[in-house]
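Participant: Got a structure here, written out as structure tokens. Questions coming.
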């Protein structure tokens, strides 16, 4: 039986794409994933993940990567969970070899609902089991998570070469916040790599606009 695993990387950052990856492995090869060191991607260094990438794709019968741009994230019609359902289904439907059973890392607080929503969008029959922290429980999901993280890391490195070092891209990162503030002050807008709908990004924009408006008013009233 063919087993599928699916996960994403980059849901939370204010900068860069969301990457969804799915992997299909024959059930007899699941042990091979464990043997090469596939586990929760968060427990692996970027170098270790990169080394595992080609080994995973060699063991896999099929895999698919979907990259979702910041612009598409900002222009989504629904929630981030709904966008993930849509992109998980897109990745699974794009597979040449269809799995009969799919393990998914649940984005929704209701894991069963998340599974059901994806299952309804499949163009083939498969059973989906969605669980929280599935990437730490199932090697096939760990494998998908590793692929997603490696591709996202590569995308981020490309962006840093073009836009400079913006840190991790997460809103909580002081380096990222400083980069966002400095970029907006200089250009009066954010580049297309930034998720403009993120609260941190909106607050930075509003704060800088308010300060500029105040300076304009101050100059006006200081006129002789």
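The backbone N, Cα and C atoms fix where each Cβ goes, and this holds for glycine too.
Heads up, here are the entries from Swiss-Prot:
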BINDING   7, 8, 105  divalent metal cation binding site
DOMAIN    1-210  domain 'RNase H type-2'
Participant: Just counting, how many other CB atoms are there within 10 A of the CB of residue 7 (divalent metal cation binding site)?
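Facilitator: Taking every protein chain into account, the count is 28.
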Participant: List the other residues in this chain whose Cβ sits within 8 Å of the Cβ centroid of the divalent metal cation site residues 7, 8, 105, in sequence order.
Facilitator: 6, 9, 20, 21, 104, 107, 134, 135, 141, 144, 145, 148
Participant: Averaged over the domain 'RNase H type-2' (1-210), what pLDDT does the predicted model reach?
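Facilitator: For the domain 'RNase H type-2' (1-210), the model's average pLDDT rounds to 97.
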Participant: When you measure from the Cβ of residue 8 (divalent metal cation binding site), how many other Cβ atoms are you left with inside 10 Å?
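Facilitator: Residue 8 (divalent metal cation binding site): 25 neighbouring Cβ atoms within 10 Å.
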